[in-house]
């Protein structure tokens, strides 16, 4: 009889231990699930933050595609704000239909010579052009906007960037590219159709 009673107590005690262990395991499982949930929430927040920053950075840049939809090119003043260099130049058409510097900066490694931009230092440069085509063009051919490095003794000419646009284009388009230029390199702009001088400009910015 006493043995049966002891066995019963041992069984009860063992059952309580098993139940306690189960409770501890369940509690640990709950804690682990809670930590996992918090971790996932934090990771999701970080991903959203990173994605929003990436989208914001991308929205500040234009795609390096010269055949992209017509748009307005940022001015030299805006370009100056993205770097510490003061060497940049922007050209517009004058009344006699030649290129002139606006605004003019004295201390600059880029100079206007013979309707072209002359480079005075080896460096990377951001070159760009905005062209506003006329609505009264009589040509049925595609319109081209080309920034070209002119040939010079010991160095061949080279097409740096070119935009090809439909013959029906009658608005502002632009081309741009980062290129490496050397001292005495000369860059010129070629436009194959009539354009509006007041809304057409081009230039370069030393990076």
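Quick reminder: no glycine exception, Cβ is built from N, Cα and C everywhere.
Nobody curates TrEMBL annotations by hand; they come from automatic prediction.
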Write down the single range among 26-50, 51-75 that appears in TrEMBL as transmembrane segment.
26-50
Please count the residues of the domain 'THD' (66-207) that DSSP assigns to helix (H, G, I), strand (E, B) and coil.
9 helix, 68 strand, 65 coil
